[in-house]
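Enquirer: Pasting a structure below so you can have a look.
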């Protein structure tokens, strides 16, 4: 539980912790690569630590010293049948991408997670993997955990994904690494492309044409060095705080600027935020840079279409941003929010209403009315890290103290979030 009341502006410089998506992939790809992989600025959140724990159970030696991680790759054929179940905790990325990897290995695994994972849909991954010859079972015919999988003898497929999901795309591509022939995934909209970028960094040939990605089976990954940029989804909370808390100016260092993830920057700029991006670097792998944001006069906008996959995780904090804009903001085409750690359409609306916000849920998003004053109150993260952090930023503009129940959920992706907020 956290009790927050803020009566002054937010000013200072913050180094954003490592990107969660990239940290997951660095460990997974390093585990199935040949040779050693060294990862710096690894995110020490609970989700990424679950990935390390699972691959250790698969026989991979992984050393960790602070934010530096060394993975001694086994190659895909070197993974070992685990003696116990693989527990992914709260991590949807871990379970879905790991299913793709395990589709290649001829042994049995059982995968479980926490209560939240037990409610999240898995057939979007298990169905295409079954088409590729993986043997998968689970509750409701593989829709929910626990799941069991036995892989081997994978064949490439051309899969037209009904959803723009990097997790679905990645699972299929990873299954195709040792598959027979070519594996191709086409999405309705482009999702984040960290898997494609990292496969190339590990020496794999990946072809990308528009929203279609393909690779030929039989390729091996070669260990490498990965420097993880800061997570723009974590930075988003401080970007919004800087824009809406009076008398604020925040500099965020080393923020990932992958074009498939920068929807939050586009939204802030369209709403009129005073924002600058400097010192862009590392563009050949994962671009990153420094972002400065300050208190701004904002205008409500409509958010939807191809922008949604580029900011799906930032929608809770964008909803808060919209409460301080002039006019109405409409978020649409965001049905995917319903199958996140919580139904984020419902939880965002429910919790912001407790702070006096006028906001409406729709079937695929929400309508947020602007120029609102927030009041203090008791709110709940629902065990969802992004809801918890959004509510913490909301407390900075509330008239009165805000008590956040289950605030420890933020440790999933941002263990030192409250410390950094207090430092400003």
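A Cβ is built for glycine as well, from the same backbone N, Cα and C atoms used for every other residue.
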Enquirer: Name the one residue among 120, 197, 200, 310 that Swiss-Prot lists for the same phosphoenolpyruvate site as 20, 92, 167, 344, 386.
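Expert: Between 120, 197, 200, 310, Swiss-Prot records just one in the phosphoenolpyruvate site with 20, 92, 167, 344, 386, namely 120.
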Enquirer: Give the distance between the Cα atoms of residue 21 (3-phosphoshikimate binding site) and residue 120 (phosphoenolpyruvate binding site), rounded to the nearest whole Å.
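Expert: About 18 Å separate the Cα atoms of these two residues.
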Enquirer: Fewest other CB within 10 angstroms, which one of the binding-site residues 20, 25, 120, 344?
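Expert: Each of the binding-site residues 20, 25, 120, 344 was scored by Cβ atoms within 10 Å; lowest is 120.
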Enquirer: Please give the phosphoenolpyruvate site's span as the largest CA-CA distance among 20, 92, 120, 167, 344, 386, to the nearest whole angstrom.
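Expert: Largest Cα to Cα distance for the phosphoenolpyruvate-binding set is 19 Å.
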Enquirer: Counting across all protein chains shown, how many other Cβ atoms sit within 10 Å of the Cβ of residue 340 (3-phosphoshikimate binding site)?
Expert: 20
Enquirer: Among the recorded positions 25, 167, 313, whose Cα is within 10 A of the Cα of residue 92 (phosphoenolpyruvate binding site)?
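Expert: Close recorded positions: 167.
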